[in-house]
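J.: The feature Mg(2+) binding site is assigned by Swiss-Prot to Asp8, Asp10, Asp212, with sequence analysis given as support. Per Swiss-Prot, the feature active site, nucleophile maps to Asp8.
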Amino acid sequence: MARLAAFDMDGTLLMPDHHLGRETIATLARLRERDITLTFATGRHVLEMRHILGTLSLDAYLITGNGTRIHSLEGDVLHRQDLDPQVADTVMHHAWDTRASMHVFNDNGWFTGQEIPALLQAHVYSGFRYQVIDIKSIPAHQVTKICFCGDHDDLIRLRIQLNEALEERAHLCFSAVDCLEVLPLGCNKGSALAVLSNHLGLSLADCMAFGDAMNDREMLGSVGRGLIMGNAMPQLIAALPHLSVIGHCGNQAVSHFLTHWLDNPHLPYSPE
């Protein structure tokens, strides 16, 4: 039986309205009753995740910023990785040929250069929001990650520009169809989960993980049991064809799967 369960948030544990369903919350509590350690592995900021955790009365480790930070149950930093300052400086100051909006993250919060109210819909559960600022004024040595939000085709073209400018100095990935992330080289949820597993005296084979986007690829591909959401990006399903696909986040598919796993561990699972 798995001893550590890792959950992506958006498109996985959260429903389409960005809330946690009652069944999901109850199932997470059942895992803790079985002494299974929980970790939420997300692109969201730790400041936001602490608020969400506080509403759940659950103990969980936090992997945030797509692996740039790991926090203990007590809130202590177990691991941190920032963007190379030269990479951050290049990304923040270059005039990219794109319509996408730029968003910069550091330990103090989420920063962007203009009001984009539509982006706040994903944060209604926590009330977390961006701070409008001149992005070029942010110290490059304090940046954890940078992301661009916009049309997918535009972001694909932007990724080509970023790859040419940054070469092998950063890790680029899509955390959603409309969100392209610039992360520290070698930084992803999978590498962070490996650090956490080692800290807990476990191996990745002792873990199960759930996700729906390309920023979940390394995590899902490295654990003992990786499970892909039915609403996942097609690229993720194609990249990990050997993994099982469960149901849709709107139907609380993670809870559905885990309830079956807890009650009938030796029987085959069907998402129907």
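Cβ coordinates come from backbone N, Cα and C, glycine included.
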J.: Long-range same-chain neighbours of Asp212 (Mg(2+) binding site), Cβ under 8 Å, sequence gap at least 6?
T.: Asp8, Asp10, Gly11, Thr12, Ile228, Met229, Asn231, Ala232, Met233, Leu236, Cys249
J.: Have a look at the binding-site residues (Asp8, Asp10) and report the one with the fewest Cβ neighbours inside 10 Å.
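T.: Asp10, out of the binding-site residues Asp8, Asp10, has the fewest neighbouring Cβ atoms within 10 Å.
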J.: With an 8 Å cut-off on Cβ distance to the Asp8, Asp10, Asp212 Cβ center, who else from the chain surrounds the Mg(2+) site?
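T.: The answer, listed by sequence position, is Met9, Gly11, Thr12, Leu13, Leu14, Thr42, Ala176, Gly211, Ala213, Asp216, Met229, Cys249.
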